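Student: Dropping a structure here in structure tokens format, bear with me for questions.
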Amino acid sequence: MNFILVVFLLFVSTCYGAIDNSCLACICQVETRCQQAPPKWDVDDFSAGYYQIKPDYYTDCGKPGNSWLICVNVKSCADTCVRNYMSRYGTYCTGGRTPTCQDYARIHNGGPTGCRNPATLGYWQKVQQCLNANG
């Protein structure tokens, strides 16, 4: 009985607040049309790959894979990085509620507290259009 309870709690803690596949796919679509992308200068550092991930974001997601530039251009590794980042920061500005795709999109675009930054609303609108189009 205790084993079943432990497995259930692990399942719930793993699933609670996790970014769903449709949200992840639309973030990818908005960033690069979900294509590999070489490094380019973006505000204060280089970003690259499917999700336009910067080196600091890669560090915050736990540095999966072999290196920043390799990981961000391997779709499964880039997905893992974004999922890890959202697991780490997804509740930073939600007041305890489960994060929504809007929260995740704005955090991806604006950092850990990006969902509070009005400058990320335009990015969210692009992700929302993708979600609506893919229904």
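Cβ atoms here come from the backbone N, Cα and C positions, even for glycine.
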Student: Just choose from CYS34, CYS81, CYS93 the cysteine that TrEMBL connects to CYS61 via a disulfide.
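Tutor: Of the candidates CYS34, CYS81, CYS93, the one TrEMBL pairs with CYS61 is CYS81.
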Student: Of the residues CYS101, CYS115, CYS130, which one does TrEMBL pair with CYS23 through a disulfide?
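Tutor: Disulfide pairing in TrEMBL: CYS23 with CYS101.
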Student: Choose one of CYS15, CYS34: the cysteine that TrEMBL connects to CYS28 by a disulfide bond.
Tutor: CYS34
Student: State the count of C-beta atoms found within 10 angstroms of the C-beta of CYS61 (disulfide bond), not counting that atom itself.
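Tutor: Taking all protein chains shown, CYS61 (disulfide bond) has 24 Cβ neighbours within 10 Å.
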